[in-house]
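Here is what Swiss-Prot records for this protein:
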type    : residues                                                                  : note
BINDING : Lys11, Lys12, Ser98, Phe99, Lys100, Gln160                                : substrate binding site
BINDING : Ser67, Ser68, Met69, Thr70, Ser98, Asn126, Lys192, Thr222, Ala289, Ala290 : FMN binding site
BINDING : Glu161                                                                    : Mg(2+) binding site
Amino acid sequence: MGIEPNILENKKRHIDICLNKNDVKSGCNFLRFVKLKHNALSDFNFSEIDIKEEIFGYNISMPVFISSMTGGGKEGNDFNKSLVKIANYLKIPIGLGSFKLLFKYPEYIRDFALKRYAHSIPLFANIGAVQIVEFGISRIVEMIKRLEVDAIIVHLNAGQELMNVNGDRNFKGIKESIAKLSNFISVPLIVKETGFGISPSDVKKLFQLGVSYIDLAGSGGTNWVLVEGMKGNNLNIASCFSDWGIPSIFTLLSINDSLKANIFASGGYETGMDIAKGIALGAKLIGVAAVVLRAFYDSGEDAVFSLFSDYEHVLKMSMFLSGSKSLSDFRNNKYFLSSYLLAEFGVFKQFYGT
């Protein structure tokens, strides 16, 4: 049985819309108001700089991962397969699109079970929090086992669902389901937002539920309410939420260093300098998605390799110019904030009680 044409068309429309970043980019991620400290007396060899990181038992080449994007249908599956192979070559983690589709079309599991192409890196499966409630813990756990992944991402995407005419409306029970899932799986559990961010208090709640890692996925990147609004020709409502959400930088600045060790940051991180600033602010890993999608669709695999080569060089240059040989030296003490950002962050702290 083939996948319903409307499902495939929806996925294709998502890709087409996301390829035009100016139409679906949300708010501001405030990274341009972070400045990295300059050290004119860096007294070591540039070749000594080490940006390798360890995560889930793997040594990865840099503190960057490719975030989950799409899956299902020939175009999405070919895209995922290509990216997994690229990620394996680069030695960086990668997340796959939601496997929700497999509960209706289990015969397509091979399109999602891509560990055979990811021997050297962590591979993440992905499912919505609502689907844990919908399909039950046991079925989710069994699917995770069949996919042979290294971790599971549970995404929170209420805004997108509420903007989708056929999206989910009942989110009752997601906290209990996340807590239960953490007790029944043998791989790390990552919870992520999908472009609206996670507040400091919600970060603490998620860790109390048993979550291993959190991807803040803040505002400033792809806004999925706008994506759904464009797909459904309903921008009158969607545009009201064009600047909704929490930039990941505000949450990073609000939580202590011990929590940051289990925090990923994403949401509008596109350049090597964006990545350098996110790491300097203390994130364990930085997630990139739409910028990779556009590079791949514009110019193919070579463009993706070039993108990550740039990331590596800019991160290393930033570390050298701030006097840092290692990521541990670079994190949390090599930046300062502009007066504008300090003022905005002050309002944030007052509003969110941090």
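A Cβ is built for glycine as well, from the same backbone N, Cα and C atoms used for every other residue.
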Residue from Ser67, Met69, Glu161, Lys192, Ala289 whose C-alpha is spatially nearest that of Lys11 (substrate binding site), among the binding-site residues: Met69
Sparsest-packed of the listed binding-site residues (Ser67, Ser98) - C-beta count within 10 angstroms: Ser98
Cα-Cα distance maximum in Å, computed over every pair in Lys11, Lys12, Ser98, Phe99, Lys100, Gln160 that the record assigns to substrate: 17
Residue, out of the binding-site residues Lys11, Lys12, Lys100, Lys192, whose Cβ gathers the largest set of other Cβ atoms within 10 Å: Lys192
Of the binding-site residues listed as Ser67, Met69, Ala289, the one whose CA lies nearest the CA of Gln160 (substrate binding site): Met69
Surrounding CB atoms that lie within 10 Å of the CB of Met69 (FMN binding site), all protein chains: 24
From binding-site residues Ser67, Met69, Glu161, the one whose Cα lies nearest Ser98 (substrate binding site): Met69
Three-state secondary structure, which DSSP defines for Phe99 (substrate binding site): coil
For Phe99 (substrate binding site), the number of other Cβ atoms found within 10 Å of its own Cβ: 26
Lys192 (FMN binding site) to Glu161 (Mg(2+) binding site) - Cα separation in whole Å: 15
Separation of alpha carbons, Ala289 (FMN binding site) and Lys12 (substrate binding site) (Å): 16
Cβ atoms near Ala289 (FMN binding site) (within 10 Å, other residues, all chains): 24
Cβ neighbours of Gln160 (substrate binding site) where a neighbour is any other Cβ within 10 Å: 22
Residues Ser67, Ser68, Met69, Thr70, Ser98, Asn126, Lys192, Thr222, Ala289, Ala290 binding FMN per the record - widest CA separation, whole Å: 18
C-alpha spacing of Lys100 (substrate binding site) relative to Ala289 (FMN binding site), in angstrom: 20
